[in-house]
Amino acid sequence: MLRQILSEMFIDPDLLAELSEEQKQILFYKMREEQIRRWKEREAAMERKESLPVKSRPKKENGKSVHWKLGADKQVWVWVMGEHHLDKPYDVLCDEILAEREHLRAAKDAELRKAQSLQFTNSLKVKSLNCDLQAVKKTEPQNVTRKAAAEEATDQGPRAIPTKKDDKAQTKDLTKKKDSEELKQTEDEKTKQIYKNWKEDSEWQASLRKSKAADEKRRSLAKQAREDYKRLSQRGRSGDGLQNPLTGPQKPKRPPLPPKPQFLQPLGSPPKSLGNQGVIRTKTSSTQEDIIRWFKEEQLPFRAGYQKNSDTIAPWFHGILTLKKANELLSTGMPGSFLIRVSEKIKGYALSYLSEEGCKHFLIDASANSYSFLGVDQLQHATLADLVEYHKEEPITSLGKELLLFPCGQQDKPPDYLELFQ
């Protein structure tokens with residue numbers, strides 16, 4: 001299953017929805033590893049095709065190239081924002097970005113108002129010149145009379161009279177200075193008000209909180225997935241039913257086919273033979289038929305669905321169930337209840353688990369003649385029963401602490417796995 005996903009680099013959205021957050025993180029990590037591996041293969045093939053090593057390639061004139069910075073481990077140097085003690089917190093960065101945006105917006109508004117003010121001042125100057133010309137024309141006769149009177153009074157000595165031009169220039173400078181101060185004060189007040197509105201906006205605050213919570217959750221899940229991956233990598237083969245990942249899964253010798261299974265009856269109902277009972281089957285799609293054929297041909301020889309030391313079907317085993325049906329079966333149980341069902345989407349299994357928060361679903365990879373949770377292929381089990389026994393004491397994930405405590409059995413008859421064993 002994992003091999004198929006990595007070869008196609010695609011996972012069905014419905015199948016992805018069944019994965020837990022931890023399995024999603026591990027799957028994305030695996031897919032990224034596969035992308036890097038393919039990229040390296042293509043680069044090596046291209047270098048061989050060009051038959052020139054990378055270092056000895058002739059450089060073009062004025063050619064540009066990119067060189068990645070390498071860390072102490074000789075790998076590409078990566079800086080994860082927010083994890084270094086010198087990095088600014090997320091909310092501080094948001095505040096600085098918003099303040100910078102509002103400052104730029106206020107500067108643009110100030111330039112626009114300055115241009116409008118300059119245009120208005122120019123229009124006032126034109127009007128003032130027109131008024132002055134009209135006043136000069138009207139006062140020309142009076143100036144002639146005043147000039148004659150001034151010539152007669154030359155004997156009395158010169159007299160300093162303030163001109164109207166000096167008063168006008170002084171008044172104009174004061175007005176311009178006052179307008180400039182008012183404009184600057186208005187810009188500062190507007191910038192502060194816009195920034196205050198942004199800070200007090202409830203929708204923005206809610207969006208910021210959600211973004212921070214999502215970042216924290218992703219960081220926590222990624223960290224937890226890495227810890228689980230490392231923890232399971234260090235275990236190796238440490239008990240019955242486990243396989244060493246370094247040497248690869250050893251293909252077991254197929255045992256003889258088990259006898260006809262002893263079907264478990266629903267709780268509270270008397271034993272009833274199913275030998276002569278007619279079973280009403282619904283029409284199945286080609287995908288479901290392929291899954292049934294796969295189970296009979298490839299899984300029955302490995303005693304899939306059987307209890308570990310008997311020929312009885314395990315109480316936690318179910319047939320092809322939908323996600324909705326699995327949730328309904330678990331809804332009547334208590335936290336720690338679980339069941340393993342044949343997936344309706346792929347050739348594999350899904351473990352449905354009831355926790356305090358609700359139902360969780362983990363895909364089980366059965367593609368390598370062994371059983372392991374999707375992505376965590378370092379710890380593989382020879383049978384489904386071994387996987388269940390192991391996780392009765394060892395949690396599936398360190399974060400969720402999922403222990404398989406109470407198997408969820410059949411609630412209807414005939415059992416939902418009947419078509420798999422016929």
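From the backbone N, Cα and C atoms, a Cβ is placed for every residue, glycine too.
Some features that Swiss-Prot has for this protein:
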- SER117: phosphoserine (MOD_RES)
- SER123: phosphoserine (MOD_RES)
- 141-190: region 'Disordered' (REGION)
- 163-190: compositional bias 'Basic and acidic residues' (COMPBIAS)
- 202-282: region 'Disordered' (REGION)
- 212-231: compositional bias 'Basic and acidic residues' (COMPBIAS)
- SER233: phosphoserine (MOD_RES)
- 316-408: domain 'SH2' (DOMAIN)
Summarise the domain 'SH2' (316-408) by DSSP state, stating how many residues are helix, strand and coil.
15 helix, 30 strand, 48 coil
Please compute the mean pLDDT of the model over the domain 'SH2' (316-408).
83
Work out the three-state DSSP category of SER123 (phosphoserine).
helix
